Amino acid sequence: MVFHLHQTFNIVFCEYAKGGMIYEAMHIFDQMRQQGLSPNVVNYGALIDALCKLGRVDEAMLRCNQMINEGVTPNIIVFTSLVYGLCTVDKWEKADELFSEMLNQGIYPNATFFNTIMRNLCNEGRVMEAQSLVDLMVRLGVRPDVISYNTLIDGYCLAGRMEEAMKLLDVMVSAGLEPDVVAYNTLLHGYCRAGRIYDAFRLFRQMLSNAVTPGVATYNTILHGLFQYGRFSEAKELYLNMIKSGMQLDIYTCNIMLNGLCKNNFLDDAFEMFQSLCSMDSQLDIITFNIMIDALLKSGRKEDAMGMLTAISAHGLVPDVVTYRLVTENLIKEGLLEEFDNLFLAMEKSGCTPNSGMLNAIIRRLLDRGEIMRAGVYLSKIDEKNFSLEASTTSLLLSVFSREEYRHHAKSLPEKFHFLWVLINEHYFK
DNA sequence: ATAGGGTTAG
């Protein structure tokens, strides 16, 4: 009976943790203890993973210590979640320490563990380090699997090194692994990103001849590539063929189509498609709304954009940092600075934290309007969060502060940005 | 009942 109760709690708990509903999960934790049940490694694993995915890595580390104090030993799954969290928030030295600690405790890393680190290295453009991790795996006797190679392929694609990415298909085969649909999708995406649609189609044929069945993600990738390079009629034809073939279209297909229509000046068609999706009760996501809000604001249809904004919650969704970025940028552009300040506060109150891209965009918009003091407030936020300035933000700052009437403002910048002051002075006195 | 890969918005 007690065992059964423990199981029931675990199922509910994991459900919450997986959905990122931390407070609800913690509540279950408390309830379990009240019933005299101690959380086990699965409960802690689920909680730690959820915290790491939300970027709350410090709390995750505390939970891991708490778990150890309660006599529960972390397993490879817990270490994988923690190392994911640490890499993602750029705490690579800590991740390294964790790896040593893990080995000390006699817990052996598996392919999943290494793949997690490789994913983060590749996302940062550090594909060579990911490559050497594969070599390390081999030395440690951990066989790289299909996911290891696919991750590495993506790393090379992201670095624009398509020839090396392609070579990995053969490397996989000689390692006794079959390149799967994800391997091909990754490479197709790489070619499309590089504007090499012809090579993408060539690879697509190669994929078919190797008896790998394309999936909806394959077609979505090509569809997006065609739109991106203005090949509108081919994109439309592909879309119609996808429907005709009876393929189950997904939210990606819908969003790619909506965005493709908007960016090719078919906003009315996009709006119509959006409405028909709504009437069919399709499960839309926040990206759908962001695409529409962006397009409506850019074409001056502010009323419609605000209608979309309010429709978000009616669809059971929550505005994200991109939504807020789109609307705040528009408010600044229109000089509605008080509304902008209020929206920014409302955003923070809702638990949505601005990211580096949003703060950079805000600063640029404020500088454009000569709102130097207000821009300073957001520069301080960038400073606090240890984000960096994007190149376009830096050059705008330099050109603004180079103007006589604004030069004195540069002196009151946070210390981190004093290099701007130095650059300006070098420019003036050389 | 806890961990890893591909496609969409800025």
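Note: Cβ is positioned from N, Cα and C throughout, glycine not excepted.
What TrEMBL says about this one:
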- A:5-39: repeat 'PPR' (REPEAT)
- A:40-74: repeat 'PPR' (REPEAT)
- A:75-109: repeat 'PPR' (REPEAT)
- A:110-144: repeat 'PPR' (REPEAT)
- A:145-179: repeat 'PPR' (REPEAT)
- A:180-214: repeat 'PPR' (REPEAT)
- A:215-249: repeat 'PPR' (REPEAT)
- A:250-284: repeat 'PPR' (REPEAT)
- A:285-319: repeat 'PPR' (REPEAT)
- A:320-354: repeat 'PPR' (REPEAT)
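Long-range contacts of the repeat 'PPR' (A:5-39) within the same chain: residues 46-47, 49-51, 53-54, 56, 67, 70, 72, each at least 6 residues beyond the stretch ends and with a Cβ under 8 Å from a Cβ of the stretch. Cβ atoms under 8 Å from those of the repeat 'PPR' (A:285-319) belong to residues 251, 254-255, 258-259, 262-263, 267, 270-271, 274, 277, 326-327, 330, 347, 350, 352 of the same chain, restricted to positions at least 6 beyond its ends.
Same-chain neighbours of the repeat 'PPR' (A:250-284): 216-217, 219-220, 223-224, 227, 230, 232, 235, 239, 242, 291-292, 294-296, 299, 301, 304, 315, 317, counting only residues six or more beyond its ends whose CB sits under 8 Å from a CB of the stretch.
Under 8 Å from some Cβ of the repeat 'PPR' (A:40-74) lie the Cβ atoms of residues 6, 10, 13-14, 17-18, 20, 22, 25-26, 29, 32, 81-82, 84-86, 88-89, 91, 105, 107, all in the same chain and six or more residues away from its ends. For the repeat 'PPR' (A:145-179), the model's pLDDT averages out at 98.
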